[in-house]
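Q: Have a look at this one.
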Amino acid sequence: MPLQGRLLGASGPPAAHPSPASSLRTRNRAFCSAAPAAGAGWPLHSPSHNERGQPLAQLPHGAAAPAGRDWAPQPLSVTGGSSGVSAGAVGAASSSSSGGAAAAVGGWQAAPSLVPRVTTDDMLLSSDGAAAAASTSSAGGAGAAAAAAPSRRGRRGTAAAASGPGAAAAGGGDGGSSAAEDVAEPVVVHMSAAATATAAAGTMPAPRHTGVFQPSRSYSQHIKSDGELLAALAEAPLAYAEGMGSVLDSIIKIYTVHSRPNYTLPWQNHPKRESTGTGFVVHDRLILTNAHVVADATYVLVKRHGSGTKYRADVQAVGHDCDLALLSVTDEAFWSTPTSMLPLELGEVPELQQGVVVVGYPTGGDNTSVTSGVVSRVEVAQYAHAASHLMACQIDAAINPGNSGGPALQGDQVVGVAFQNLPGAENIGYIIPTPVVRHFLSEVRKYGSYQGYCSLGVLCQNLENPHLRSALGMGEGMTGVLVNTIQKTSNAAKVLKPGDVLLEFDGVRIANDGTVHLRQRERIYFSYLITLKPTAGTAKLKVLRDGQQLVFDMPVTPNDLLVPVHCYDRLPSYFMYAGLVFVPLTQPYLHEYGEDWMNTAPRRLYDKAMHGMMQKPRQQIVILSQVLVDDVNTGYQQFQTLQVLRVNGTEVLHLAHLKELVEGAADRFVRFELEDERVMVVERSLAVDANARIMERYRVPSSVSADIGANAAGAAASGASSGSTNGGASGELAAAAQQ
């Protein structure tokens, strides 16, 4: 049975949320940011909240439990969410030892209620500005290197030397063995992007890489994204904090007021709650903390070490998948009184058994707390806040609620950011290593906002069974993972086929258990290699197909999910017509079914969220969330939670499309076709008056959410300018269909 964990976030009772024990994201998201086969999928808590007078649990992905319900998440892979904003622990499927039977990317196996996949932004560190996760130790000096304190880097923020997997080609991709390299291999055919179609026997189009990545992910208006301020990240600070006194001056206590959306009544919010966390100065005028400390924040205050004054802070950027956020403070007194603050320097990934010091403001007091411990392991682990799988360092220093966002130090350098622990175990905490931090900062500097982690968009399984390897035509010493499923909207769909064996990623051999060489006698799941790719970077894939080895160059970008796993810092989308409330299916919506949502949510919705894959750009599963009963819709209450398949015979692609189809209808009746061959019909002439009456009766301020209304207006303008009059099919939709 999986261990249970929690976010460390803010101290105090967390908000009511069910735990995503088997977070749908684990299965739905993405692919090939794979989770390790053993132990990496523990449900973790993020001790981040010191919420005052609020119920103790929270939906891990921003969805809230019904108001007034107190609960603590139950095992299935998670124990309660004691982290304020995202306290849900995320469960992981147990790993199977039977050869090649893992159901998901890189060796996950399905648990009874969960078939995990890894997702879109699960794994991607940056190679832009801060490369590899750790430098490889020289042979023979491992013991001394592990015990020695890391050497001080240059004052101008020199990038870390690429290491680990980058050196794996020399060290051997399978358990460090180099014997396989002497085995004769079939001829390798290298295919550029332009020649991909030919290599795929004419069945796959060549990948098109424009060379320019267009940022597409935006957040709510309370995230400021000050371009000028964030652009300063391109320049290294002139000086860093040195000495314990200067370092402590740069540690910040954060006070947050949260207000989470209510996905059952999407025009309302749940009652506000308060929490506290920790942060530190990472650059001039910028504070780094955990995303779950400020998720769904409505008001943020910060206080310096040793000060009694609180200052207003703004959220400048947030990356929920990597659980990091940047804050700024405009009041100059904060930065200069009583002394000026200097940023802390980012170090490298610590070696095993090296000591670390964790500094923060945990529950139990108001002053700074300092605890110490050693690094126990470095691996791909599950991040409880958003159920992503990224590199993490396990340490045995005490990490408690309120510590979230605080630095883990070696000397004066930051080697990680505290963010979660395992509540049922003795002194097992986790820190976000600096390669993840650097990737986040690089994305923010480059695009002005965090765009997410790249993924291949494929679902793989291990190849530990020798008979399966033989059946696939793999020679002696050949290793890799089997490609099972490919997301049709991903770049991988243009170059890979189900049944391909992925042998290498960027020249690094992948072992049959899905791992690659990291450092001396350390291995890590190959999804870690994807984390080394910057957004819109190019990956070199070596695959075995029909006995022939092929090499493809493929651009990698974040892949969208059919059912989003988290929706922090966004208001829910909805459209109401004649009292029929339509919403896109999201995991936060399912969390509204309470603590045991994996069992209490409608099974068909749970299955869609777990197993559904996007087939078309911008595709959503649109469901009838509820019926606000009126004469115009009476008798339709029984159809709640069913998916809407067609409107007036036209397939529904997403919520905005449904709105266009309804409002563009010209017939007397609007006909909705649902699952199970169910049908609803509404008379158009009665719908407008009914909407106004129902909105007044049920106190609904608007019949459509702001995002859908804005999208519809933009689509209408686009359609008008192009001369399109096709009912319900906007120019925007037509463009999407051509992609």
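Yeah, the Cβs are placed from backbone N, Cα and C, and that goes for glycine too.
TrEMBL: automatically predicted annotations, no manual curation.
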Q: Name the residue range among 199-218, 399-418, 479-498 that TrEMBL annotates as region 'Disordered'.
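A: It is 199-218 that TrEMBL describes as region 'Disordered'.
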Q: Among 240-264, 365-389, 615-639, 715-739, indicate the range for which TrEMBL gives the feature region 'Disordered'.
A: 715-739
Q: With DSSP as the reference, give the number of residues of the domain 'Protease Do-like PDZ' (563-707) in helix, strand and coil.
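A: Secondary-structure composition of the domain 'Protease Do-like PDZ' (563-707): 50 helix, 33 strand, 62 coil.
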